[in-house]
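Step one of this worksheet: look at the structure below.
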Amino acid sequence: MESSPLLQLPAARVEALSLSGLSAIPPEYVRPADERAGLGDAFDLARTHANDHTAPRIPVVDISPFLDSSSQQQQRDECVEAVRAAAADWGVMHIAGHGIPAELMDRLRAAGTAFFALPVQDKEAYANDPAAGRLQGYGSRLATNTCGQREWEDYLFHLVHPDGLADHALWPAYPPDYIAATRDFGRRTRDLASTLLAILSMGLLGTDRGDALEKALTTTTTRTAADDDLLLQLKINYYPRCPQPELAVGVEAHTDVSALSFILHNGVPGLQVLHGARWVTARHEPGTIIVHVGDALEILSNGRYTSVLHRGLVNREAVRISWVVFCEPPPDSVLLHPLPELVTEGHPARFTPRTFKQHLDRKLFKKKQQHKAKAEEEDGGNGDHHRHEPPPQTN
């Protein structure tokens, strides 16, 4: 079949590809053979997982004892242990009792869904330009990844906290509630991050050290107004219907560079996490927020908490949308290293000190080198014409 002019555009959005009616995905979206064994339609895999009573389930943890002043110490202790175990064994959990109103989460989802329902040409008014250093805005993962292939997703990406640093001119003007709902969700997620970091700190060092992790993430080597708070970045992932989900991924397997990542979604399955040697499909747990442990927290915990390897699958039936808030330390002014109390003769430091930006740069460089080596291997040792710039972000 002759390609349409749309499919020949170098920067065609994945949504436009999906709406074009193509029956086979372009070759640049086909994953390598060694990745495809576990891929498939996300709905089919979710149904299979739901019917498999031996399949492990991502833990669901209620943290309401830390938001309820009338809770008992035993309840808080049990909560600390449940969060600690989930972060250590899984690196991911569903958080219930988080205190963010269901009405606000519904508003956030409605606003993001309305933005992506706009025609592609309208969304292009918010297009980013990673090549020019403008990462915030509407985009597609057009840069190649570890294997050199593209991912089946479009996205909207921007800073949400601190609010004073956010450029609201880059945020969608439509729908009208987008800015208000997103700002409110950002404020509340910042509070949730503090609560969860306190619980995770207690799981490492005891109930009198609940401030350890947040201090480590915000204690700076310089003192400017922008340097003493966590940064929260929002990425709305839009995974269009895919005619060949057994060949593609929405997001390839990766760990997040953040300290924590908070995830909402529209109820369509797609998230998988690696537990042991098995890919586990996340179930829909209404009212909860999914939380990932990221690289920064794994470093601070000296590996006691696990940065979870995960990926996003696609399907033929429905669009999947997810809202991910990445909670990160300031990029240049905080030195990440294992907490001193967790480094002993029997448990030496597993990570060398680095800033968040240095960690991100190392990770991008490693991915670029992996892609280059693979390209050269496939090209008989001369892979110069396969070189690509790394993606604007690894999450």
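Note: Cβ is positioned from N, Cα and C throughout, glycine not excepted.
Cross-referencing H275, H284, H310 against the Fe cation binding annotation in Swiss-Prot, which names H254, D256, picks out H310. The highest number of surrounding Cβ atoms within 10 Å, among the binding-site residues H254, H310, is found at H310. H254 (Fe cation binding site) falls within a strand segment according to DSSP. Using a 10 Å radius centred on the Cβ of D256 (Fe cation binding site) and all shown protein chains, the other Cβ atoms total 26. Along the domain 'Fe2OG dioxygenase' (230-329), the predicted structure has mean pLDDT 97.
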